[in-house]
Amino acid sequence: MNIEQKWQQIWQEEKAFEVPNESSKPKYYVLEMLPYPSGKIHVGHVRNYSIGDVVARFMTMQGFNVLHPMGWDSFGLPAENAAIKNNSHPKEWTYSNIENMKKQLKSMGFSYDWSREINSCDPDYYKHEQKFFLELYERNLAYQKESLVNWDPVDNTVLANEQVVDGRGWRSGAIVEKRYLKQWFLKITNYAEELLNEIPNLTEWPEAVRSMQEKWIGKSVGANFRFKIKDNEDVIEVFSTKPETIFGASFVGIAFNHPIIEKLVSKTPEIENFIAKCSNITGSAEFDKAEKEGIFTGLYVVHPFDSNITLPVVITNFVLMDYGTGAVFGCPAHDQRDHELAVKINLPIKQVIEADTDVQKAAYTEDGIIINSGFLNGLSTNEAKQRVIEEFEKLGIGKRTINYRLKDWGISRQRFWGCPIPIIHCDSCGLVPVPDSDLPVTLPDDVKFDGHGNPLDNHPTWKHVNCPKCSKPAIRETDTFDTFFESSWYFTRYCNSQALEMTDKKACDYWLPVDKYIGGIEHAVMHLLYARFFTKVMNEQDYVSVREPFKGLFTQGMVLHATYKDEHNNWLYPEEVIKKGNEFFHKENGGLVTQGRIEKMSKSKKNLIDLETMQQQYGADAIRFFVLSDSPPEKDLEWSASGIEGSARFINKLEQMQETIIKLSDNKNTNKELKRLIHFTIKHVAEDIKHFALNRAIARMRELFNAISSEINKEEIDVQNAKHGFNVLIQLLNPFIPHITEEIWQKLGHKTFLYNAAFPTFDESMLELDTYVIAVQVNGKLRDTYEFNTSASEDEIKQIAINLPKVQKFLEGKEPKKIILVPKKIINIIC
């Protein structure tokens, strides 16, 4: 058994990281984002977990009762795809992966409280979210409607807009199609205002994430008002954030799927083709990127304030049906999208805000004074906005409106491996909730996976049930929850993973909110927003007392590695490649290999570093130390062989230093600078960890190591401070490299464990230097420096500075006219 295995066994036997739900100590809850059990952990994952582990171990040493749990986000498409490939049940693949990944996490020495482990595909977990869903349904926060959805034709499932990347499914890479399907939604929009208003209070979140959430919620204040269609009784209702520019309108733009098209528009082949083209654009981001285009419908609307003015109705590719009303009026002079379209299809550009630029060349989008606008002339844009809305209200055609970019959360997924939605469809009774006594609705074991559609739809018996209300034959809902459902509340379950109800309210009151949540910034507008929404609803259902789940958030950078391709354009693993000179070759067949970009580690591009191989070669501590030392945690880290080798060498030197230290005999020599550095390092390493400057903390500890190393190689050693400094160093390093530091701690003669030892303390008075250096200037130019004793008075400093030979040379016998002293920094002698 090696040192790392030895200490992992001791920690397990001691239940070192299991914590109570009550304590006289202050609590601290640190959590890394719930991982998907993909099968293997690579070194890219290790960085995230290592950051969390340093924080957990440090806060424990600071005297906190620290909750640091782990579990598995185990529903999802990869398990189902593996089941199709291997002709097995997703459960087998998932549980096998969990077992393997749990071993890997334990082998890295992470301080998880495994007694609180959760698994989201366990019926004992998801039965609670099924009940919670029914509570949402009862409150009309969950509903079903037909919706135009993003359909992945390869994975045969619906994708959220956020899961569509450049028009393709985020997992399969297939070109996404648009389809109308009945979908289940959660009314997250009911909470849009609170979600937005609370963002400024998330002061311990990165500004980038707060900004992304604010933009995603996308609050717009404007007006809804109606245009009457010329020669028709129908109207088109538009939403505008700039209704004050109504006199600059030159068209009304509608979404490609606006209902007025089916009702009134004669679909020419050109219109059909344009609609088809628009329907292939998926996600609002894709609409934003697309070149602005439009096609005339043949319809006109009448201007609300001048019946002599008519505006053409244009189908555009930048108006979305699910934002506002699916229709806008276009004012090309003061909106850049409208301007681009107007230029393209030759629409008039009419200026209605004073500008110092030519609106025919580009839209003027700033505020100003209204012109060419009848009763609005001379008003500021803000005054005009209020006035025009008043006029809409007087005419009974419009009102002030707030819109949000945020849409209700579509939670339906047409896949097997997910939590079943607990609803029954009855021809007589409609939608019927599954009774509490019949929860959980579990997935069948006898399923066939042929890669086409949802096996639940095709199961011979599972979906056939009797209606709980009328007892007639009925059908179960065969959609399953989006897997973000499970990860939107799991952090509350850790407070007591054995609770009979969804949460243990008392335990949640103690632990929540999470003090520090650690994960990737890619979750800013999905998981993090959904978790905030769930927490607010759970608060209203009396499951938790908080309304915000995460007090602090830290988003770590990615681990990067070079990519490699062989002569046939196939991706290669790094271990399959060898470098000779400046070229790369395939280890087995000798073929030429092309080195590509340095990118985020990913399975698809095979630029992964296998964790087990690295552990066998260097050990867990060396891996942890490298991923934390080479770059600030919030920045990307490039994996390098030299970096991990350097970390391993440092650990070896620690062991060698320990052997030297214990052989030293006490003496009375004193090195004040070493003593000061010990206290300085304690103070600043603690501050660095608190601020997530972990690489800086490591640099400081290396500096202390070097100082001790230098000291013990002197003829006259300060043994007392060398020994004390080394003991302190081992304590400081423990959160970073826990195995070897526990081992060294024991060899130094300690009978306690480091994992629950107190963090070293420092003496503030020891941080003061006995001397300091001042720059000496003559007439503002540096002429010398001098080391002064801290006890020197101002008069003494001035006198010494004047008499310095280099200063005397430039004074040329003159008396100083003035002496300016900046304490402990600069003295400037003016003559």
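Keep in mind that glycine also has a Cβ here, set from the backbone N, Cα and C atoms.
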Motif ''HIGH' region' range according to Swiss-Prot, out of 13-23, 35-45, 376-386, 783-793: 35-45
The annotated motif ''KMSKS' region' range in Swiss-Prot, which must be one of 390-394, 580-584, 600-604: 600-604
Number of helical, extended and coil residues in the motif ''HIGH' region' (35-45), per DSSP: 3 helix, 1 strand, 7 coil
Intrachain neighbours beyond the motif ''KMSKS' region' (600-604), with Cβ under 8 angstroms and 6 or more residues off its ends: 38, 42-44, 558-561, 571, 636, 639
Other parts of the chain folded back onto the motif ''HIGH' region' (35-45), taken as Cβ under 8 Å at six or more residues beyond its ends: 70, 72-74, 76, 78, 94, 97-98, 100-101, 104-105, 558-559, 600-601, 603, 608-611, 614, 623, 627, 639
Other C-beta atoms that fall within 10 angstroms of the C-beta of Lys603 (ATP binding site): 13
DSSP residue counts for the motif ''KMSKS' region' (600-604), split into helix, strand and coil: 0 helix, 1 strand, 4 coil
